[in-house]
Amino acid sequence: MALRGGALRLNLLDSSRHFHKFNSLVGVRRSSDKVSSDPATAGDHLIYTQEHFALKESLRKIIDQEINPHVDQWEAEGKFPAHKIFKILGNAGFLGVNKPVEYGGLGLDYSFSVAVSEELGNIRCGGIPMAIGVQTDMTTPALARFGSAELKKEFLLPSIMGDKVACLGVSEVGAGSDVSSIKTKAVRKGDEYVINGGKMWTTNGTQADWMCLLANTSDGPPHRNKSLICLPMNLPGVHIARKIDKLGMWSSDTAEVFFDDVHVPCKNIIGEEGMGFTYQMLQFQEERLWAVANILTTMDVVIQETIAYTKQRKIFKQPVLHHQSVHFRLAELQTEVELLRSLLHCATALYIKGNDVTKLASMAKLKGGRLAREGFPVNVDWWRG
């Protein structure tokens, strides 16, 4: 959809519960203000306006002041204080950028969420941005779009405010990429569902207050027998089996979770029963776009830091950067990054106009993951700790 007019947007932002934090950090930019010294300023950017750059600037201050100074410690400890960090971000409006104003969001289009994701790539680890992305773009899109007003008040509002930490319960030991083959069941008994099963690789799992759970609610066809359910994590029968040790993303807690006769009210279902698989596939569109935006900044910084290092590191009596093969490789990588950025911004522009971008978002995530793995073999471990 088209961006709101300047006056309308400013009124909306100022009327938000927490946007005064944003104003106090950078001020709301008007059309005559100079926003950024970056070459890609609002005047020549494909999808970003001056408000996008002001939002990014505000977030960067929080990253530099509240997150990056503690990253090494949190990586060593294997966990970051999610409730503390999410409350800081929630107070500043960054956990509900494109969510409805009536539930604490800023009511902006999805291009602002992409801008936020890009800026989160400046956090000097991978685990914390991933945890934030789970909160903003993986557990709450379906709730915001299809959930009842009661559910939104109970789960969406406190998630946007940073008062509750959310996790996503989809993957299982035998059902990773093949979501349709999950085994967790939610059997209806009266006005409750009784849930049994388990979830694996659950980001935020040990700290989460609630889970957006995908479970089988009938024995019908696998693409039409699933529902999304808002599951409070403090209910009897919810067991955090273990915190999983990982090769990377150390500061993000990842859990294995079991459900043993967990009773949840039927009213906790998101949207229609049996539509969970479809809702989850729609959530994946935003998850994929978010992931690509986040890794782009990381790859940009890796290239710039590589240039800086190879300028001062000498071999054969000259800086490493002056060797032609190094120039070739850096030029190739920067070209790949820019092509990926163009694909992301194209998909985002189509998405905010209401188009289905499943194909483009999937292509972008495929290319982003492959480029990060093959083109930047040390990107996560070197740049992100």
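Backbone N, Cα and C define each Cβ position, glycine as well.
Among the features that TrEMBL reports, domain 'Acyl-CoA dehydrogenase/oxidase N-terminal' is placed at 49-162. Mean per-residue pLDDT, taken over the domain 'Acyl-CoA dehydrogenase/oxidase N-terminal' (49-162), amounts to 97.
According to TrEMBL, the domain 'Acyl-CoA oxidase/dehydrogenase middle' annotation covers 167-262.
Positions annotated as domain 'Acyl-CoA dehydrogenase/oxidase C-terminal' by TrEMBL: 274-374. Helix, strand and coil residue tallies for the domain 'Acyl-CoA dehydrogenase/oxidase C-terminal' (274-374), in that order: 85 helix, 5 strand, 11 coil [DSSP].
Secondary structure of the domain 'Acyl-CoA dehydrogenase/oxidase N-terminal' (49-162) per DSSP (helix as H, G, I; strand as E, B; remaining residues coil): 83 helix, 0 strand, 31 coil.
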